[in-house]
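Student: What Swiss-Prot lists as signal peptide is 1-27, and the listing cites sequence analysis. Annotation source Swiss-Prot lists topological domain 'Extracellular' at 28-253, 302-311, 442-456, citing a curator's inference. Residues annotated as N-linked glycosylation site in Swiss-Prot: 38, 138. Marked as 4-aminobutanoate binding site by Swiss-Prot on the basis of similarity to another entry: 94, 157. The feature disulfide bond is assigned by Swiss-Prot to 166-180, with similarity to another entry given as support. What Swiss-Prot records for 254-274, 280-301, 312-333, 422-441 is transmembrane segment, and it gives similarity to another entry as the kind of evidence. Positions annotated as topological domain 'Cytoplasmic' by Swiss-Prot: 275-279, 334-421.
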């Protein structure tokens, strides 16, 4: 049987087409194969980087000083505790350095890794000099980022919450300002081994988020950066410092302390306008205002640490207390002179009562009447021609009017003391002058921002 030439040609054409398609599929790798190749290359690069790597040794050991560049992004600042003299800050802390042992060549220029790789390489032993407590966030995984470029430069970022010490000078409280420092550096490496530098210019090395302030009693004015050397018994260390400048808001204290003190002083001066005879009312005014000032003084100190010096608020309360107490002493003085009679225009004279003249009286029908004496003369010889005088007569009483002096002119009682008149002017005037000097002095004073040098 003989095959037809047409069928044979068609068969050969199909075979040729299939072989061509098959060849193309083998020549172009699929997407899965391409991803598999990248993963393999990535794994080989990491294995090669860690092959013979000793993370106990710093980069450039014995050859050069390791330079660590840092910058900080503040996500949240506050709160600030005056009583404990500390503040809380939440930051993204970035460090960058170069490690020639981690150079690589491959299809990618940057290796983006997580915290697992960070534990296998050398990282700076940075700590916060004035930190009381620092927390590295671990939810849901450790908040750490590591990037390695092909030239061996590393970027290491972590999220931290730091509670740091903020030394405060409260002489100007509550018109005070503070510079809260954040100081960090290497714990074990001296400046001959590891030095720190700011990544960018000072204005951009520390950035605070626009909505990062968590302050109720302060305004965050800005931040400044600096660096220095600290000498300790184990050597000289580089210390990086950031100062956060804070200005206290006075509104809360005006409402809570200053206005009540001013109103209490004014209330104590109301007693000068009361009559000096109003002893109970003026006593209540004096005692009540003194007790009120005592209560305000105690409550104002509760929110502050127990410092050995007087603050601006202490001086204000002390002067207000002196005004209130002086008003009470003024009333005591007025009352003293009133009782002695020196506050009258003239002394009061009480007219003497006329003395009654006693006459011999006899009682007749429950009435008393003066009587005359009966005389019976005896004449010698008993001459009957002579009349015997024996007469008894009742004499009508005459009213005896006592001698009266013309009444003295009535003295007018002066109920307003000269001391009260003087106090009505002197006390408000002196208190106004004090307020003018006080507020002009403290509101225009330049705050002294001091920060102690850290010690290791």
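Including glycine, each Cβ sits where the backbone N, Cα and C put it.
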Student: I need to check the long-range neighbours of the transmembrane segment (280-301): which residues 6 or more away from its ends have a CB within less than 8 Å of a CB in the stretch?
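Tutor: Same-chain residues near the transmembrane segment (280-301) but 6 or more away: 256-257, 260-261, 264-265, 267-268, 270-271, 274, 313-314, 317, 320-321, 324-325, 327-328, 331, 335.
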Student: Can you grab the distance from residue 180 (disulfide bond) over to residue 157 (4-aminobutanoate binding site)? Cα atoms, rounded to a whole Å.
Tutor: 23
Student: Which entry in the list of disulfide-bonded residues, 166, 180, has its Cβ near the fewest other Cβ atoms, using 10 Å as the limit?
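Tutor: Among the disulfide-bonded residues 166, 180, the sparsest Cβ neighbourhood within 10 Å belongs to 166.
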Student: Including all protein chains shown, what's the count of other C-beta atoms within 10 A of the C-beta of residue 157 (4-aminobutanoate binding site)?
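Tutor: I get 17 for this one.
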Student: Do any residues, 6 or more residues outside the topological domain 'Extracellular' (302-311), come within under 8 Å Cβ-to-Cβ of it, and if so which ones?
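Tutor: For the topological domain 'Extracellular' (302-311), the nonlocal Cβ contacts are 82-85, 170-174, 318.
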Student: Compared by Cα position, which of the recorded positions 94, 157, 166 is the closest one to residue 138 (N-linked glycosylation site)?
Tutor: 157
Student: Taking every protein chain in this structure into account, which of the recorded positions 94, 138 has the most other Cβ atoms within 10 Å of its Cβ?
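Tutor: Ranked by Cβ atoms within 10 Å, first place goes to 94.
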Student: Report the mean pLDDT of the predicted model across the topological domain 'Extracellular' (28-253), rounded to a whole number.
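Tutor: For the topological domain 'Extracellular' (28-253), the model's average pLDDT rounds to 91.
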Student: Sorry to bug you, but what's the C-alpha spacing from residue 166 (disulfide bond) to residue 157 (4-aminobutanoate binding site), rounded to the closest Å?
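Tutor: Computed Cα spacing between residue 157 (4-aminobutanoate binding site) and residue 166 (disulfide bond) is 25 Å.
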Student: Using DSSP, what's the helix, strand and coil tally for the topological domain 'Cytoplasmic' (275-279)?
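Tutor: The breakdown for the topological domain 'Cytoplasmic' (275-279) reads 1 helix, 0 strand, 4 coil.
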Student: Cα of residue 166 (disulfide bond) to Cα of residue 94 (4-aminobutanoate binding site): how many Å, rounded?
Tutor: 23
